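**Student:** One structure follows; several queries about it will come next.
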Amino acid sequence: MGTPSPGRSSELPSLHQLADLEPLSTGDLIDRAVHIYRHNFAPLLALAAIPVVTSCTGTLLLAYTFTGLRESAATLPVMILGMTLGYSLTYLISPLLLMLITGGLTRTVADFVMLDVPIGFWRTWRMVRGRLWPLILTQLIGYILFGMVISGLFFVGIFVVWIALAVVLLLFRYLPSVLAGGLFTLLLFVLIALGFVAYCAAVAQVALIPSVVMIEGRATWDSIVRALQLARGTIWRVVQITLFDLAIASSAISAIGIPFLIYVILNGDFEDLTRTPTWFILAFNVADQLGKLLTLPMATIAYCLLYFDMRVRREGYDLELLGARLESTTGVAPRPTTHRPVPPRVTSPPTETAAVPS
């Protein structure tokens, strides 16, 4: 499918919006993502709350069930029911909702960036409904591939750790303790950094899949191949985005967790280190889910902007849209192109949606 016809110019960004479509540094990309997040905070938070609250409910059920099991405070049927519901909500329903929300947000964020169409709660769900099964199937395959890569990295990490332990033993055997301790700390820091970069490299391979599915409307396997192609060279940018998300999540967790930690220490609730107070476990889970609630929209926006940025850098996407806009304005028929499909039209009340001409 080619560029929209001249009569469909409403599907194209304005010249003012095209002026903002330029190659971005990672800092500019994050700054623009924060700007979008701030101006659409309510609908973004409402959408992110669905999978996060579901996961939070599941983790609270699991925490309560395991605490009751340890303290023999719950009957067997209650524990079985709690574990079943907890695992289902945390590891089945919440990931499914997360996949749908991520895909829908990607499309509505794209429409906001390209057409200034407001991000809406129900509009996001209409976008999800229009590409439901391709979105689920593609993201499931992406999750499987991601899990395989992480598993491979885990086994490689075990091998590296064993080698590092051997090196540490040699250091402490032949070097002074102070020097060996310093080298051990440096080695530990390097291993953690390498592990984090390897994790971000795995994330980079699947981060653009929702954007390709929802914006370009490709088939399942084509979407995965296309996302892998666009992801080349994005590892360090994903590292910076992930670090920014971790900073937000850590701030949210600390804001709740540190006051509770100080309280339990001052009140002597941690005198027995083998028994953690039940309410503290629940509070920590709530703080962890709050961090995820704040970072989910931010990460989705950042990866959507990264998708556009990679297309601008590699394909001259901004020039293509500018040419399509000028052709639609002057009434000149656009030349047909290939391999860059227009995203599917979603059946919904009359609303502007972002077309992706090629």
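Glycine too: its Cβ is placed from the backbone N, Cα and C atoms.
Sharing the feature lines straight out of TrEMBL:
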| type | residues | note |
| --- | --- | --- |
| TRANSMEM | 41-66 | transmembrane segment |
| TRANSMEM | 73-93 | transmembrane segment |
| TRANSMEM | 143-172 | transmembrane segment |
| TRANSMEM | 178-208 | transmembrane segment |
| TRANSMEM | 242-266 | transmembrane segment |
| TRANSMEM | 286-308 | transmembrane segment |
| REGION | 331-358 | region 'Disordered' |
| COMPBIAS | 348-358 | compositional bias 'Low complexity' |
**Student:** Between the transmembrane segment (178-208) and the transmembrane segment (286-308), are there three or more C-beta pairs closer than 8 Å, counting only pairs 6 or more apart along the chain?
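**Tutor:** The answer is yes, given that the two segments have at least 3 Cβ pairs within the 8 Å cut-off.
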**Student:** Near the transmembrane segment (286-308), which residues from the same chain, at least 6 beyond its ends, have a CB less than 8 A from one of its CBs?
**Tutor:** 21, 24, 29-30, 32-34, 36-37, 44-45, 47-49, 51-53, 55-56, 59-60, 98, 101-102, 105-106, 109-110, 113, 207-208, 210-212, 215, 230, 234, 237-238, 241, 244-245, 248-250, 252-253, 255-257, 260, 317
**Student:** How about long-range neighbours of the transmembrane segment (242-266): same chain, 6 or more residues beyond its ends, C-beta under 8 Å?
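**Tutor:** For the transmembrane segment (242-266), the far contacts come to 30, 196, 200, 203, 277, 280, 283-284, 286-288, 290-295, 298-299, 302.
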**Student:** Could you give the residue numbers and ranges of same-chain residues that sit at least 6 residues beyond the transmembrane segment (41-66) on either side and whose C-beta is under 8 angstroms from one of its C-beta atoms?
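**Tutor:** Long-range Cβ neighbours of the transmembrane segment (41-66): 74, 78-79, 82-83, 85-91, 93-95, 97-98, 101, 104-105, 119-121, 124, 278, 281-282, 285-286, 288-289, 292-293, 296-297, 301.
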